[in-house]
Structures are given as structure tokens and as C-alpha cells.
Amino acid sequence: MNTSKRVDPANRIIIGSSILTFSFISIILNGSVIVALAHSWSSFRKQPFTQFVLSMIIAGTIYTIVNFFVSIPCSFNYCPYLQDDTLLMIMSLPNTLSFAAYLLANFGFAIYRTCIVFDLLRHCLRIVQMITLYLPWILAIYTVIDTTSRGCIKRFNRWSVGYTYNCSSCNVWFGVSFIDVNFCAGQVLPILMCIMYGVMIANIYWKKAHNNGKSKRFQALDVKLAFQYLLVCLIQYLASFLFYIVPKIGNGSLIALIAMNIIGVIDMGLNPLILLIFNARIRFSTALLFQFIPCLRVKQANLVTVTVVIKRSTY
């Protein structure tokens, strides 16, 4: 082990505290959305939008939970219970799995929404939904199994405080290194999604201007959802870009190490935050869970009205 890369103990406390703080916030946000969906599942389960949301939120939760067993204790105290590197590698695998699942699930939802907005594959839309909902997880699991079997093993380096691969030049597909695959996927897919949502928004406004007969309420929901996930994709692209550019310009500085460890966590936490801000159904279902807090109580009469209005909304 290269001890020259060891981080100063005082800095380790700052880094560990930063990861802990942002991970805790992310878990609260993701957990709130999951519990809210489960609490009102009878009204949510028939909405394809909700199923995609749940897929992305579960991926974000797994990604964040790993920090509490790996990066946080390894930052504070070298995670002494993980002295065996093999065990450390095994516990780091969900980090790769959840990141790939989150990115691909987001992309799958963009494809599904494109079919909705542009009225594509209308006769087999249910099949498109199933493919774009479950294929991301299948591909993510395959990626982890395949790359691990090829020796591209990811682990958290307790000394330099950051995730590293066992072999940075490991070629996985068509002679391309896994590091390059990660970089391209993290950059290209969010850009493609941003373009897709931008085209969706332009198409919706074009249809509105030419009065194609679609209700204004439905058009407003389409635009709102497209703007919502355009923002999610922009943040995802920024997080991926910073993840790769920060180490190059940071040169091992404290700020760079903190950024490297919290960028992904912030990305996973902003998705549920955006949902809570923009989506009335999820926001009110979450509020119902905290009725015991005076400031979040909603009068029963208003709740009935809100429920009726929400149930008429479709995504």
C-alpha cells in the first residue's frame, strides 16, 4: 500500500463529516419519497411515472446506504472491520451497481416519455414500459458481474479516501477501458436525455400553438414533467463532469477530496428533492406521513379536495 497517499487525520474528519452530512440528507429525502409512495401505493401503482420514480429512488438509496458501511467509516477510522480488501471490494460493488442502475433508469424513462409525447409505438406502449423499466437493472447487474469477472474491481481506498479500480487500464468491451466507458456513459447519456427532453418541450409547445386538440391540462403536465427531468438530467451531467474533472484540477486538495466523495450523493439526493418540489402527488403523500407535525397538518376537507384533483392527474 502506498502510504504517501495517506490523507492527514484532521482532513479525514472533515471529509468523513461531509460525506456523513450529505448522505444523511440524501437518505432522508429518498426515504421520504419511498415511504410516501408505499403509503399511498393503491393510488400510485397504476401510474407508470411512479414506477420509474421508484426505480430511480431505490437506486439512489442503495448508492447512499453504501456510504454508511464503506466510505464514512473508512474516512473517519480506516474501517478496521474491513481489513480484508476482498470484503472491502464486495461491499463497494453496490456503489457501481446503483450508479449504473440510476443512470440507465433515468435514460429508460426518457425513452418512455419520448414515446408518449411523440405518440410512438402506441400499440405496444406497455411492452416499451416494461423494457425501459426493468432492462436498466438487468444491464447494471450484468455490468457489475462482467467487469468484476474481468478483474475491474472497484473498492474504496481507505488511505487516499476515494473509490478506485483495481486496474485503471482494464479493457472490458472492444478494447475500451472501463474508466473510459464510465466517463463516456456518464457524459453522453445525460446529454442525450437533455436533448430528448428539450425536443419534447419544443414539440409540446408546437402542438399547443397549432391547437392539435390535446387538452391544455394534459399539455401542462407534459411540459412540467419534461422540465422536471430536464433539470434532473442537467444535474446528473454536471455531477458526472465534476467527478472526472475535479481530481485533475484539484491535485489531491481537501476541497477536491470532499467534492469527489459527495458529488454522487448530492446527485442522488437532488432527484427526490426535485420530485417533492414539482410533483404535487408525492408532496402531499409525504405531508400525510407527517401529520403529527403541526406545520404540516392538512385539514381533512382540503385533503379530500386535493385527493380528488390529484387522482384526475395522469403522467
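For all residues, glycine too, the Cβ spot is worked out from N, Cα and C.
The model shown is predicted, which means the values in this text are computed figures rather than measured ones.
Over in TrEMBL, the protein carries these features:
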TRANSMEM  12-37  transmembrane segment
TRANSMEM  49-70  transmembrane segment
TRANSMEM  90-112  transmembrane segment
TRANSMEM  124-145  transmembrane segment
TRANSMEM  188-206  transmembrane segment
TRANSMEM  227-246  transmembrane segment
TRANSMEM  252-278  transmembrane segment
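Residues 5, 7, 11, 14-15, 18-19, 22-23, 25-26, 29-30, 32-33, 53, 56-57, 59-61, 63-64, 67, 71, 75, 99, 102, 160-162, 224, 227-228, 231-232, 235-236, 239, 242-243, 246, 286 of the same chain lie 6 or more positions beyond the ends of the transmembrane segment (252-278) yet place their CB under 8 Å from a CB of it.
The transmembrane segment (49-70) shares more Cβ pairs under 8 Å with 12-37 than with any other stretch in the list 12-37, 188-206, 227-246. Listed by sequence, the residues of this chain that lie at least six past the ends of the transmembrane segment (12-37) yet keep a Cβ under 8 A from its Cβ atoms are 44, 50, 53-54, 57-58, 60-61, 64-65, 67-68, 71-72, 75-76, 161, 254, 257-258, 261-262, 265-266, 268-269, 271-273, 275-276, 282, 285-286, 288-289.
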